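Only one structure is covered here, and it is reproduced in the block below.
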Amino acid sequence: MPFTPASTGSLLAFCSILIGVLYAVLFAIHLAWRSLKITALAGIVIGIWLGILSALVASGRLATLPLNGLPFFFGPILVFCIGFAVSPVGGRLAATISLAALVGFQAFRLPLELVLHAWFKQGVIPETMTWSGYNWDIASGLVALACFPLANRHRWAARLANVVGFALLLNVMRVAILSAPVAFGWNVQPPLLLAFHLPYALIAPVCVGGALFGHIVLTRALWGRQAK
């Protein structure tokens, strides 16, 4: 299937967001453990995981698998991110990182949605993946920005940002699947082909996975601090 590459400027912005999300996760791990060794180990694990996913995309074999390989791409992402978040690592982060920081982390979704809208204008992705279609995830970034200054003093702000952000994240996943080239999809033009091309495919493990990881850790933080 033909794919229209994005402009250099929007790609640079996208890669900056990827780097920012990864840096935020590793910095949080460093704050939680105060250990360069553990931070480096986490970086290596994440790097290997992203390398394996990137190798699968670069091989071109993804599209030859059932359902264009999307279950084989997104399945491991969900398992890795959920497993990481419910593990002792996620528990340590939930216990040590401030609610304000956990809420503010989700603000990366605002510039990401601006990039996606630019990609729609450039013909890279379908309109369904933007706020003028069915993806309203830009609101999660705005809510995170509005709520994070209040989150440490008012837990309702953290809860509000968590509920809104998680609901919109689930909607993004739904829209992405239905916009992809699958038999039960919406048959939009152009279809969503980011998963088959680098570096675009990294939006799933880094941005979608990162947001999911962040919401689970924030949920654990709210539960844990309420119990004390």
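The backbone N, Cα and C atoms fix where each Cβ goes, glycine too.
Database features, via TrEMBL:
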TRANSMEM  6-29  transmembrane segment
TRANSMEM  41-63  transmembrane segment
TRANSMEM  69-86  transmembrane segment
TRANSMEM  93-112  transmembrane segment
TRANSMEM  132-151  transmembrane segment
TRANSMEM  163-186  transmembrane segment
TRANSMEM  198-218  transmembrane segment
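Within the same chain, residues 1, 67-68, 70, 106, 109, 125-126, 128-129, 133-137, 139-140, 143-144, 192-193, 195, 208, 211-212, 215 sit at least 6 positions outside the transmembrane segment (163-186) and bring their C-beta atoms closer than 8 Å to a C-beta of that stretch. Most Cβ pairs within less than 8 Å of the transmembrane segment (198-218), among stretches 6-29, 41-63, 69-86, 93-112, 132-151, belong to 69-86. Remote same-chain partners of the transmembrane segment (6-29), defined as residues 6 or more beyond its termini with a Cβ less than 8 Å from a stretch Cβ, comprise 38-39, 42-43, 46, 89, 93, 97, 101, 105, 108, 111-112, 114-115, 118-119, 122, 124, 199-200, 202-203, 206-207, 210, 213. Sequence-distant contacts of the transmembrane segment (69-86), counting only residues of its own chain at least 6 positions beyond either end whose CB sits under 8 Å from a CB of the stretch, comprise 49, 53, 56-57, 61-63, 177, 180, 182, 195, 201, 204-205, 208-210, 212-213, 216-217, 220.
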